[in-house]
Amino acid sequence: MSFVLSNSSLSNEPSWKGVSLSIHGAEKRAQICQRRTAASYPVSQRPPVVGHRSLPQVRGSIKMEVSSSGSSISAGTGGKTKPHQPVAKDVNIFFDELEGVNSPSKDDDSLLHHGNLTSTSDDASRLEVVGEEVPDKNKTNGLYFRDGKCRIDYILVYRKSNPQTEKREVFERNIRAEGLQMEKESSLTNSDIIFVKLHAPWEVLGKYAELMNVRMPFRRKIYYLHRRYKFMNRIEKQISRFRGWLPRKPMKLDKETLPDLEENDCYTAPFSQQRIHHFIIHNKDTFFNNATRSRIVHHILQRVKYEEGKNKIGLNRLLSNGSYEAAFPLHEGSYRSKNSIRTHGAENHRHLLYECWASWGVWYKYQPLDLVRRYFGEKIGLYFAWLGWYTGMLFPAAFIGLFVFLYGVTTLNHCQVSKEVCQATDIIMCPICDKYCPFMRLSDSCVYAKVTHLFDNGATVFFAVFMAVWATVFLEFWKRRRAVIAYDWDLIDWEEEEEEIRPQFEAKYSKKERMNPISGKPEPYQAFADKCSRLIVSASGIFFMICVVIAAVFGIVIYRVVTVSTFAAFKWALIRNNSQVATTGTAVCINFCIIMLLNVLYEKVALFLTNLEQPRTESEWENSFTLKMFLFQFVNLNSSTFYIAFFLGRFTGHPGAYLRLINRWRLEECHPSGCLIDLCMQMGIIMVLKQTWNNFMELGYPLIQNWWTRRKLRQEYGAQRKTSFPQWEKDYNLQPMNAYGLFDEYLEMILQFGFTTIFVAAFPLAPLLALLNNIIEIRLDAYKFVTQWRRPLASRAKDIGIWYGILEGIGILSVITNAFVIAVTSDFIPRLVYAYKYGPCAGQGEAGQKCMVGYVNASLSVFLVSDFENRSEPTSNGSEFSGSPLKYCRYRDYRDPPHSPVPYGYTLQFWHVLAARLAFIIVFEHLVFCIKHLISYLIPDLPKDLRDRMRREKYLIQEMMYEAELERLQKERKERKKNGKSYHNEWP
């Protein structure tokens with residue numbers, strides 16, 4: 001009995017203007033043969049049935065009949081059309097109780113073929129096209145079954161020696177019960193490794209595409225041109241004529257090398273088998289692209305049982321318990337070709353991506369985002385779209401940061417403060433540590449004073465304001481860019497349609513159900529008390545791990561205060577004379593090692609806490625895990641930087657009354673030139689080391705592993721045999737994508753964004769370093785995805801998820817931290833107060849370099865050497881400076897001299913500086929936040945042209961639906977009149 005597709009059951013369904021289904025080039029009949037169902041077992045030997053509610057009921061066989069003209073396809077069952085069946089409550093899932101009775105043997109070895117590149121499947125479950133010759137290329141490229149017709153949609157890998165045979169056997173039997181076709185193949189390099197090749201026939205793809213609301217093209221877009229005035233048309237003509245004189249844009253890709261991605265030029269709608277004639281189907285084998293086919297197969301595998309029990313479901317659990325070793329979709333062939341892509345074209349999409357995207361020679365080109373989305377899915381496409389947008393927005397930030405640095409270089413010789421420091425040979429500074437640190441001339445820190453001026457100059461405040469505004473503009477324009485991408489990729493309404501419950505959540509809370517307020521269907525429910533208790537435990541774990549980070553920072557602080565005295569007594573003069581720089585440098589390197597070690601621990605803790613919370617959906621799981629890992633790594637990476645920026649040298653006391661740690665170690669002081677140089681060293685070293693390490697782990701580690709695998713294969717089988725490996729064998733030898741998907745890529749960039757914005761006032765070159773890294777990062781990630789990793793499962797996503805909220809939080813935090821860096825860490829405020837209140841230009845309203853004369857002397861206080869504590873008294877008496885023991889030394893602070901009525905009390909200038917710092921923080925924050933909110937208000941989230949396009953598309957779709965329904969009713973009326981059947985008068 002054939003199943004003929006028709007639109008006769010659509011009288012109550014809205015449809016679109018007659019878009020007939022045409023299969024071009026299909027001159028022959030195409031028959032889709034039956035798959036294995038429960039009916040293939042004798043009744044007496046049929047295995048028991050276990051019901052599962054999340055899968056649709058498997059129906060009878062489907063045949064498609066194509067007319068000789070290939071113009072249309074109609075649907076029906078025995079001449080009558082059954083309405084679309086909703087998801088059934090129960091699904092027949094089979095478990096063998098009688099081994100060897102009309103059932104495959106262990107692991108279904110009857111499907112196994114040894115030593116062949118491809119293997120045959122059961123003829124009864126294979127698509128056969130009568131009279132059609134299959135190209136030999138399909139049989140040898142490793143992308144099809146042995147018949148060359150059934151494309152491999154998914155690969156499962158296991159070892160025959162694995163003891164989980166029974167679970168795997170039941171799982172594979174239930175896979176076939178769902179309609180998937182299967183072949184097995186033994187590995188050419190290891191007979192213990194078995195590859196299971198899966199293919200989804202047309203009826204399975206159609207059924208699950210409808211269930212998953214997969215959007216497919218049904219009508220080409222009609223582009224509407226706005227009416228323009230003659231004046232505007234003339235201006236546009238002049239601009240286009242001027243552009244014609246300019247050289248061709250080198251950053252744009254050659255459109256001739258990119259394929260015409262049809263779905264981007266078509267209106268789309270959720271796929272429906274009842275309305276199949278509305279969709280543009282040129283070839284049913286390519287109607288669903290490879291990424292969509294793999295996603296549908298993965299959806300099925302995630303909901304198939306392998307054992308009785310509420311938790312015994314899904315491929316992920318079989319991968320975790322070792323039943324299967326790997327699961328992945330195939331790459332579309334090799335990424336290299338002997339022929340040039342310009343002369344012979346691309347061999348496949350993977351080859352095209354390599355040449356136009358992953359090759360280092362196209363580092364200056366725009367990314368082919370539509371092709372990336374087609375091959376890897378929307379989720380990965382959105383990541384690269386965001387990364388490209390972030391990299392492009394770094395250009396103005398890097399340019400301004402470089403300008404600030406060059407401004408410091410050009411004004412270095414005119415800086416009055418650095419001149420006074422370099423000329424202060426008669427000012428003797430107090431030791432910076434106990435006993436072993438000697439007295440030193442202020443002029444010895446001349447180099448540090450000049451380096452500090454490169455980053456702390458008059459343009460620093462402007463740059464801090466600019467970066468705060470830049471972060472807001474970056475996020476606001478990304479929202480507009482994301483809206484355009486979401487529209488072009490049909491992601492506007494995706495989240496509401498396709499959000500699914502995690503199998504783990506469904507299995508754990510299957511006994512408690514409640515009605516979904518949106519769908520009206522019962523779904524598993526987590527009690528409020530259970531959820532709260534889990535969240536409290538998780539929050540406690542987060543707090544404990546943050547305390548571990550603070551303890552690590554405390555250890556670094558102890559290291560700094562202990563080693564500064566050790567380096568001061570070192571026998572090498574180079575280290576002895578630069579003891580503070582050596583202490584800072586080694587502390588930063590040790591801190592980096594601790595950061596990398598703690599990251600490994602944080603990952604395990606975050607995974608445990610996230611699974612403990614039992615999130616409902618995959619997006620909730622990802623958001624929860626992302627937030628924990630970001631908090632851990634952000635605190636881990638920036639805690640030492642916060643200490644140096646805001647605490648180093650702030651609470652040390654003064655000579656003769658130093659504050660001590662555990663009443664033993666004297667707290668570390670800043671260099672005579674200030675603490676900004678320490679902050680610059682911390683940021684520069686951490687940023688360079690972190691980015692270098694990340695790039696190595698992302699590309700170097702997979703390259704080394706893949707090289708070692710290829711080397712072993714060459715030694716065992718020779719280079720010629722290796723080239724004849726099928727595609728599944730080649731992909732299996734590649735490295736799998738990490739278990740958390742794009743988490744590591746996003747986290748690396750978000751942490752870099754934090755470094756670029758949070759302390760940018762102290763290190764203006766951070767955006768430039770980030771830009772250079774990201775230019776490499778884009779091609780490095782592309783090369784890794786195309787060549788070094790197995791093909792990841794194509795996943796859909798509407799935006800970058802919780803990362804956007806984290807970016808907004810970093811933008812707000814950056815305003816606060818930069819205000820404190822300028823006011824507290826740098827000398828900008830003390831210099832400003834001196835220029836307007838205490839300098840030569842006091843009361844004149846000027847603040848030039850001539851007004852800074854005497855600033856260095858005014859910022860140093862005097863200390864009587866005889867007032868030193870016994871444990872702080874230096875071993876040297878300072879006689880090497882003047883020939884006699886020193887009586888006085890200087891230190892950075894605003895305190896009264898020792899012979900004043902209140903020795904070492906704060907001066908009036910200290911309180912003026914403190915008040916100015918607090919006032920600056922308040923004014924700076926309010927001003928920048930007002931600018932940020934004003935920009936956010938002025939920039940709409942949706943571009944005006946996109947809003948108009950969306951409204952017009954909605955209007956056109958309504959018109960097409962109305963016209964198609966009207967045409968269908970008129971056609972039915974004519975057919976009834978032609979057949980002579982009586983009918984009631986009806987509209988129209």
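If you go along the chain as it appears here, the first residue is 1 and each next one adds 1.
Backbone N, Cα and C atoms are what each Cβ position is placed from, and that goes for glycine too.
Some features that TrEMBL has for this protein:
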REGION    66-86  region 'Disordered'
REGION    103-128  region 'Disordered'
DOMAIN    144-369  domain 'Anoctamin dimerisation'
TRANSMEM  383-409  transmembrane segment
TRANSMEM  459-478  transmembrane segment
TRANSMEM  535-561  transmembrane segment
TRANSMEM  581-602  transmembrane segment
TRANSMEM  630-651  transmembrane segment
TRANSMEM  750-772  transmembrane segment
TRANSMEM  800-824  transmembrane segment
COILED    952-986  coiled coil
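Across the candidate stretches 535-561, 581-602, 800-824, the maximum count of CB pairs under 8 A to the transmembrane segment (459-478) is reached by 800-824. For the domain 'Anoctamin dimerisation' (144-369), the model's average pLDDT works out to 80. Between the transmembrane segment (800-824) and the listed ranges 535-561, 581-602, 630-651, the one holding the most Cβ pairs under 8 Å is 630-651.
Within the chain, the transmembrane segment (535-561) has long-range Cβ neighbours (under 8 A, six or more residues past its boundaries) at 433, 583-584, 587, 590-591, 594, 598, 602, 605, 608-610, 612-613, 628, 631-632, 635-636, 639-640, 643, 661, 665-668. Long-range contacts of the transmembrane segment (581-602) within its own chain (CB-CB distance under 8 A, at least 6 residues past either end) are made by residues 545, 548-549, 552, 555-556, 559-560, 563-564, 567, 575, 629, 632-633, 636-637, 640, 668, 678, 681-682, 685-686, 689-690, 693.
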